[in-house]
Amino acid sequence: MNRDDPRLTYNHPYKPYDIQVQLMDAIYDTIQNKYKVGLFESPTGTGKTLSIICSSMTWLRNYKKTQDHSTMGSNSSNDNDPNQTSDSDEEPDWVKEAHIKNIRSRTSGLAIDYERHLEELSQTPHAGHTVELGQRTHKRKKRATNDDDFLPDDYNSDTDSNSVETKNAKLQQEINQIMKRVDGSDGKTPGFVNTCPVTIFFSSRTHSQLSQFAHQLSITSFESSLGEIAERIKFMPLSSRKQLCIHPKVSSLSSVSAVNDACVELQQKSDKRCEFMPRVNNPESDQLVQRFADYSFAVIKDIEELHELGADLKVCPYYASRRNIENSEIIALPYQMLLQQATRKSLGLSIKDSIVIIDEAHNLLDVISSINSVSITRKELSSVIASLKLYYNKFTKRLNSGNRIHLMKLIKLCSLVETYIKNCEIQNKCVPGSDVLIDELFQGSTGDLLNIHRIEKYLDKSKIAYKIQTYIEQSREESDEKQASSPLLFKVTAFLKSLVNPSKEGRFFWDKINDDTEIKYLLLDPSEMFRDVVESARCVLLCGGTMEPVEDYYRYLFPYVPGEKIKKFTCGHIVPQENIEVLTVSSRKTTVFDFSYHKRNDPSMLRELALSLQDICERVPNGIIVFAPSYKYLNQLISTWRKDGNLAKISTLKQVFLESSDSTSIESILRDYGAAARGSGAILFSVVGGKMSEGVNFSDELARAVIMLGLPYPNAFSGELIAKRKFIEETTLSKGGTQAMAKKNSREYYENICMRAVNQSVGRSIRHANDYSVIVLFDTRYNSSHIQSKLSGWMRSSIRPERESFDMTLERIADFFAAKTLTKR
């Protein structure tokens, strides 16, 4: 097979490696043959993102060519009534074919005209084409904040026709009207011409990962579905108001919730309406939105560039970007937007028959649970109650009766929950993992006074949380009081809402956070929340660098999908076998390395571990990364070695760096470590699950060795894990399983969390084809075939099956780097 043919390499911008072609083959096959779910593991550094882009976009362009706009003919009539008989049914076939051919020709011609239009725009800086609305010609004056800014609209009753709810509904109608007007506002870009028959949704965890995706997409191009003329990739990144808002005052707010509420409030007030918001029945505004849409398609843009485009054109990028949703071939969006049905609905985002690609999917189970889970501690409740009382006392005379009554009910409700926690503490009921009995919480309370549904509706419709939070923040600024790291009132609001609508797949339970008591609502069964995505989409592709072990996805994410509709593919590493050495260390002399909970602090083992690290430091050039199972254990190690002098001995061989739990110091530590590693050498002690193990890539001299200390099992005594394992056992038994099976499934889940963390941490080390590294796994349990079966495939294939002495391990390390030195010569 000639892999130089771009059609056989999926239009990859470079000559792909064999493993990249294999991955692209697997993805294309999954989409083409309508598998419902695809699981793809491609080790970090193997060009996974480009492989995903090239295979999926090649399929889409091929699909568009075969469709040949054939749906256009059927869309032109009888769309709303499929049972209606058309006059054309009586016409001869040649007449129908001629009619459809005429429509295809016309729509194809318009699409080609639009491509030419985009080509012209791509040559012209958008900043020079700003259209100023008449009302925007004056210079904006900064308005001083006064107490009126902190007052909510009058809130009269739940049925008032002039209520905030009515205003919100009217506002949504206006937004929809704007988008519909724009869809037909320019003859060059009628919506039905450019609507993509299938949309690719790419979702990832972080903003930076989505930006990286946009940059990778920008270096690709694909065969046109329009014939001779080049066809641009129609890409649209979506994000929150917090990322896209260009209003100076609103965008400076501290949280996503505050920005959302402030945005809605500005749209409701005629005298303070956001000047960047698209307007109804305003041709100039329609023109701006259309211009924004065209420029965003002319050149691929990430979120920052989309924000800049909106600022230059003086139109809200959050709302204007909706114009391109139907016409996009690829949409990039964060997990929260994709995985929450209500969010997709509010954006007008349909994933029906689409291709959904979820990157970094190794943490998908946790992500789905976390975005549907909330918690509150007793101390947080106390702080919120104090804030509510402060606000109420300040503004009580200026609030109408509706606001006063509902605020008092909110204060009473928060006080009720706080008192319940205090009483349970006294009675020793707050055992981590044990159920919180919500019925007990409201026992003896006045139902009318504490109608949670009405309070929840008031919080949702009045946006009072934003008003109170901004007032409290300003009060703290004026008094130089330190602000909380996250707006607590929004957190309490989310918790109270969970009391109203708890999912049957979730559970309320107790937990302990330091010396504070927490009530947590946790989604225990993410499969039902994910079902809507799986059943709506054409196919869902879960991709990641470290997907092993995969059993949990089958069991807890899509148990309702038949096995024959799931495709699993694991590709090898881009790095040749001779560039990887995976070694297990069970013992040194007579000391066995066992980092299980009850043995990890054995003094003789810690001493032998320090000596082992010194031996490895003498044989490994440049940088070494050591992963400990937790910050607490790392601190214990360092403290012990400081006292016995072993840390000083290690520091004579490599400059020592420690990961801090304070994320603000990460960049400076990495910078200094990198300089030392490339120089005389350095060793970085890091933590599994910390910043270094998740988001940082260690290539070349930064990680000539990666050392894993023990198996990083999560805290078995955390309330969350106890509740989850209990749920797994109950579910197994409810399906007819035995007690032994229930315990086994619970143990497997616990073990799989640990092994995914191992794979994720080790996977940060080797980044490209010429990279090389030694991986050393310290713990006798790594010699178990059961544990080894859960390692990433590329590690399993490199691990030595036989147990060896530590001296032999050192010899292998020395030989490995000696061979690399000879190769360089």
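Here the Cβ of each residue, glycine as well, is placed from N, Cα and C on the backbone.
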Annotated stretch (motif 'DEAH box', per Swiss-Prot) among the listed ranges 359-362, 375-378, 451-454 = 359-362
The sparsest Cβ environment within 10 Å, among the binding-site residues Cys263, Cys274, Cys316, is found at Cys274
Cβ-centroid neighbours of [4Fe-4S] cluster site Cys245, Cys263, Cys274, Cys316, 8 Å, sequence order = Arg241, Ile246, His247, Val250, Ser251, Leu266, Gln267, Phe276, Met277, Tyr318, Tyr319
List the residues of the same chain that sit at least 6 positions away from Ser42 (ATP binding site) in sequence and have their Cβ under 8 Å from its Cβ, in sequence order, or write 'none'.
-> Ile19, Leu23, Lys48, Ser51, Cys543, Gly544, Gly545, Cys571
Within the chain of Cys245 ([4Fe-4S] cluster binding site), which residues six or more apart in sequence place their C-beta under 8 angstroms from its C-beta?
-> Ser251, Val259, Cys263, Cys316, Tyr318
Candidates Thr44, Thr46, Thr49: member of the binding-site residues with the richest Cβ shell (10 Å) = Thr46
Please report the DSSP secondary structure of Cys274 ([4Fe-4S] cluster binding site), reduced to three states.
-> coil
Using DSSP, would you call Ser42 (ATP binding site) helix, strand or coil?
-> coil
Thr49 (ATP binding site) -> DSSP, reduced to three states, gives helix
Could you tell me which of these binding-site residues, Pro43, Gly45, Gly47, has the greatest number of Cβ atoms within 10 Å of its own Cβ?
-> Pro43
